Amino acid sequence: MARSFQALIPRLRLHAGLALLLYVTTHLLNHVWGIFGLEALESARRFFLGFWRHPAIFWVVPASLLVHIVLSGYKLLTITNWRRLHWNEWLQLSLSLMMPLLISSHVYVTRFATLLYGVRDTYSYVLLGQMTIAIDLYLMLVVVWLHGNLGLMSYLWHKPWFRRIKQPLLIAQIVIPLLAMVGIIVAHREVNQLKQDPAWLASVMQFTNPNNVDLVAASSNFMARFGAGYAAILLGLGGGRALVLRLRRKHYLITVEYKGIATVTIPPGTSLLEASLANGIPHAHSCGGRGRCSTCRIEIIEGAKALNSPNETEQRLLKRFGAGSDIRLACQTIPTGACVVRPLLHHHDRAQLGAPTMISHGADKQIVIMFADLRGFTTLSEGKLPYDTVFILNQYFQSMGQVIESNGGYLDKFIGDGIMALFGLEGTLEQACHNALAAAQAMAHQLDVLNQRLQDDVSEPLRMGIGIHCGHVIVGDLGYKRAKHLTAIGDAVNIAARLEEATKTLQTQLVVSRAVMQHSSLDLHDLRLSEIPIRGRSQPLEIYSIESAKSLVLVPLTLNS
Ligand code: FES
């Protein structure tokens with residue numbers, strides 16, 4: 001019950017915010033009519049108020065305002081880690097703190113003065129005031145507009161159709177307030193001319209402020225009290241919040257067990273990703289914990305009930321990934337009680353990667369090298385959100401990585417959208433050649449599965465090219481500090497890379513050197529041998545060019561004991 005209410009809060013806040021944004025948009029559109037003169041502005045106002053002050057709608061704005069303020073305050077009070085906030089959340093938050101001060105005098109003059117003193121808040125009356133009042137009003141609208149549109153953008157960001165409306169929406173977000181400002185300036189100039197006529201001035205005053213209330217003094221008085229009250233509330237809430245958090249952190253720690261890795265204790269409000277990083281537990285997090293990349297996925301082994309409910313962003317991402325109910329995004333998961341978890345993507349150690357632990361200082365070895373590259377991915381990623389690109393690439397790397405590893409390969413590195421893998425770091429060359437070809441075939445099948453899964457995310461199916469060669473290379477740990485890892489260098493590596501490049505010109509999926517084929521158990525009957533020039537080599541290289549790796553006919557290898 002409590003969890004479902006927790007999940008409801010952001011929704012309620014969002015919908016209240018959207019209702020307010022709609023109100024502000026129509027308010028600004030009302031101002032736009034000022035371009036056509038004061039009369040047009042007033043007519044638009046009657047239409048605008050006819051809607052918003054209709055008895056059935058009248059309470060929507062105050063109610064939305066109340067809900068939005070209370071729930072935003074609640075969010076503010078429950079933020080336990082300010083570092084988790086993105087810059088636009090900081091901006092939104094700062095704007096929201098300014099808003100009560102900016103809107104209170106406007107609300108007083110329009111709503112309260114109307115109710116208390118029978119004031120009619122026409123534009124003629126409002127614009128009779130100093131230009132500074134109009135500027136204050138405008139500043140208020142800009143702050144509210146900016147705050148609302150930041151919220152709108154983060155709400156729409158994940159919608160599949162967002163890209164289609166992004167440009168027109170951006171244009172509207174800039175053009176509407178600009179036109180509204182022009183409308184107010186034009187109308188203000190007209191009022192300045194009209195007020196030279198005492199009869200016009202008297203009739204406006206009589207109509208708009210029949211009781212001749214000194215609204216400037218009344219609103220200043222209200223603002224002084226409101227300002228002091230608001231400051232006291234902020235100080236009280238801020239101080240209370242700091243105290244409560246301090247006490248909770250001191251007296252209440254939550255235990256998180258990383259199965260087979262470590263057990264740590266964390267203060268309440270800490271996400272599982274933060275728990276990992278704070279305790280030195282390797283944990284992938286490509287998007288920096290913003291719930292967009294899914295690389296921080298974690299398996300919940302025990303204690304699912306002690307976790308916050310997945311929010312909309314997390315649900316969407318996990319669904320897209322096809323994750324089971326025991327999988328969560330660590331960056332979005334905040335435990336309130338003990339739990340046992342296992343990160344799914346972390347910085348693997350050498351043993352997990354299938355790399356032999358003996359080769360570290362360098363060894364000359366005959367191995368098989370595979371390069372694989374996505375075709376046209378740069379074009380494919382054009383116009384995509386960065387996180388979508390990362391998401392698709394990670395899906396591709398994960399699928400291919402699993403296939404390579406399950407066929408005895410060692411994932412050397414990911415280079416852009418390319419993969420370099422080594423086979424035969426241990427075992428015979430025959431076994432390595434067989435494994436590399438089996439991996440290429442499995443990768444081709446896996447690509448079909450991936451394309452099926454990503455059909456809504458990519459405009460055309462992913463394609464790839466694979467080059468495989470074998471030869472003597474130097475294998476060893478290369479690099480510096482954390483960037484040091486087991487890799488291979490040598491002519492054979494360069495040739496394998498050239499073979500992968502050759503798949504583009506030969507328009508095939510797989511190019512394999514004759515040397516690999518000779519050491520494999522492959523049925524070569526239907527394959528045609530050809531030669532290609534290799535940059536840096538005087539002799540051409542004999543290769544087999546295979547249109548689809550799926551067509552390979554692999555014969556099970558007979559192992560000699
Ligand atoms: S770190 Fe990207 S989704 Fe969690």
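Cβ atoms are placed via backbone N, Cα and C, with glycine included.
Annotated in TrEMBL:
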type	residues	note
TRANSMEM	12-36	transmembrane segment
TRANSMEM	56-77	transmembrane segment
TRANSMEM	97-117	transmembrane segment
TRANSMEM	137-157	transmembrane segment
TRANSMEM	169-188	transmembrane segment
TRANSMEM	222-244	transmembrane segment
DOMAIN	252-347	domain '2Fe-2S ferredoxin-type'
DOMAIN	368-500	domain 'Guanylate cyclase'
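For the transmembrane segment (56-77), the neighbouring stretch richest in Cβ pairs under 8 Å, chosen from 12-36, 97-117, 137-157, 169-188, 222-244, is 12-36. In terms of DSSP secondary structure, the domain 'Guanylate cyclase' (368-500) contains 64 helix, 42 strand, 27 coil.
Taking Cβ pairs closer than 8 Å, the transmembrane segment (169-188) reaches residues 25, 28-29, 31-35, 37-38, 41, 123, 127, 131, 134, 138, 141-142, 145, 149, 156 in its own chain, all 6 or more past its ends. Away from its own ends, the transmembrane segment (12-36) comes close to residues 43-45, 48, 51-52, 60-61, 63-65, 67-68, 71-72, 75, 123, 141, 144-145, 148-149, 151-152, 155, 176-177, 179-187 of its chain (Cβ-Cβ under 8 Å, at least six residues beyond either end). In terms of DSSP helix, strand and coil, the domain '2Fe-2S ferredoxin-type' (252-347) has 23 helix, 26 strand, 47 coil. Across the domain '2Fe-2S ferredoxin-type' (252-347), mean pLDDT in this model comes to 82.
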